[in-house]
Amino acid sequence: MRIFITGMPGVGKTTLALKIAEKLKELGYKVGGFITKEIRDGGKRVGFKIITLDTNEETILAYVGDGKIKVGKYAVFIENLDNVGVEAIKRALKDADIIIIDELGAMEFKSRKFSEVVDEVIKSDKPLLATLHRNWVNKFKDKGELYTLTIENREKLFEEILNKILAGLK
């Protein structure tokens, strides 16, 4: 079971992934992987941080400014992604009932280790819920079920996706 969620920025992909993770944990399932949250300063987005779903470890994925690796205005910290995000996915492959990856996008795919572990997840039988940057839909749409989140359907999709996951985990 592989479920991918896409949608416009700010529509609630991360919120949906986190709500599903919390509900699954509440029901006793072991959830692994990570989510990515915005870092804001004075109401402006200045970066992104990764938070692991098993240990709540946090690290900065990207921040506005100069760096060796850039995506748009953000410097991407590949070492942080590799040491925290990739390791969380590896643990989840071994120990979790489901893997959640938020998100599959340009920043994350700057890391070779991230690309490799995502390939490993896709090839495995481990259930996956991943959010997809809209530019990456074509790469993943044939690898699982794709949902497009909108403001109008996000409550309905929460129930629908949660029920589909629960049916697959039984």
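Including glycine, each Cβ sits where the backbone N, Cα and C put it.
Summarising the annotation, Swiss-Prot assigns ATP binding site to 7-14, 98-105. Counting only residues at least six positions away in the same chain, the Cβ atoms of Lys13, Arg134, Thr148, Leu149, Thr150 sit under 8 Å from the Cβ of Gly7 (ATP binding site). Gly7 (ATP binding site) falls outside any helix or strand according to DSSP and counts as coil.
Following the DSSP three-state reduction, the secondary structure of Ile100 (ATP binding site) is strand. Shown are the binding-site residues Val11, Ile98, Ile100, Leu104; the one with the most C-beta atoms within 10 angstroms of its own C-beta is Ile100.
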